[in-house]
Amino acid sequence: MASWNSIPLEITYEVLGWAAFISWSISFYPQVILNFRRKSVVGLNFDFVVLNLTKHSSYLIYNATLYFSSAVQKQYFEKYGLGQMIPVAANDVAFSIHAVLLTAITLYQIAIYERGNQKVSKISIGIVAAVWLGAAVCVFLALPSHSWLWLISIFNSIQVFMTVIKYIPQAVMNFLRKSTDGFSIGNILLDFSGGVANYAQMAVQSIDQGSWVNFYGNIGKTLLSLISIFFDLLFMGQHYVLYRGKRAVITPKIISKESAEPLVKSSDDPVSENV
């Protein structure tokens, strides 16, 4: 197993790693807090949350297995060379655990708070079901030959695929509503910071080792940063440029006295709709 050649670069790597972990971890809270304050999840796309839970669950399986399993690490070294370093750090595992928990909490909020006429689409349900069914098949295929590295690479591919598609429903919803009302921009700003720090962390390790296998040896982490940064920029453009200051217009519907709370609060409400 390779060691660091430069102490300053090693320290920089650790600092960037934990900076990404803190930014990404905190990024889950603005949306949770916004939902709690409004007692509503109107404006937050449910497909985004469901797909996100599958994404982080599969990423947790990949990170935890590669970080803790000596058998998987042995297969990694056999494939990429003994001189390489494991491309998963402790902060990656910590982040994944935290992400699964916070995404589950957000899903729980969807179940208990005002959600208007929003619901999870059948397309997303179908995608999630197909993904986990495919993963189960891969587990049985890997058992006879103990192809653990191949198996966790499947989960890594799943998280990359989910990262690619999970943002699309929210971006489309913002476009159709011509508003980001109910969708926390704080989440996006912190996610963007984490993505930049994560990418910089990988670059620092590659510079120290004089090898870029860190990028293609962990293609999931590489694509994760690039895709996340792209969509974060898109959401920032929607919030600060395209739909700046605009609130969604909801078609009135007949509601009972018990549910007289509006789905989207009026512009006179002192509570900010975007944390």
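In case you wondered, yes, glycine gets a Cβ from its N, Cα and C as well.
Listed in TrEMBL:
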- 15-36: transmembrane segment (TRANSMEM)
- 48-68: transmembrane segment (TRANSMEM)
- 88-111: transmembrane segment (TRANSMEM)
- 123-142: transmembrane segment (TRANSMEM)
- 148-168: transmembrane segment (TRANSMEM)
- 180-202: transmembrane segment (TRANSMEM)
- 222-243: transmembrane segment (TRANSMEM)
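Put simply, of 15-36, 88-111, 148-168, 180-202, 222-243, the stretch with the most CB pairs closer than 8 A to the transmembrane segment (48-68) is 88-111.
Between the transmembrane segment (180-202) and the transmembrane segment (15-36) there are at least 3 Cβ pairs closer than 8 Å, counting only pairs 6 or more residues apart in sequence, which means the two stretches are in contact. Only residues 6 or more beyond the boundaries of the transmembrane segment (222-243), in the same chain, are considered here, and those with a CB under 8 A from a CB of the stretch are 59, 159-160, 163-164, 167, 170-171, 174-175, 178-180, 183, 185, 188-189, 191-192, 194-196, 198-199, 202, 215-216, 274.
Residues 14, 17-18, 20-21, 24-25, 28-29, 31-32, 35-36, 41, 44, 46, 49-50, 52-53, 56-57, 59-60, 62-64, 66-68, 201, 218, 221 of the same chain sit 6 or more residues outside the transmembrane segment (88-111) yet have a Cβ under 8 Å from a Cβ within it.
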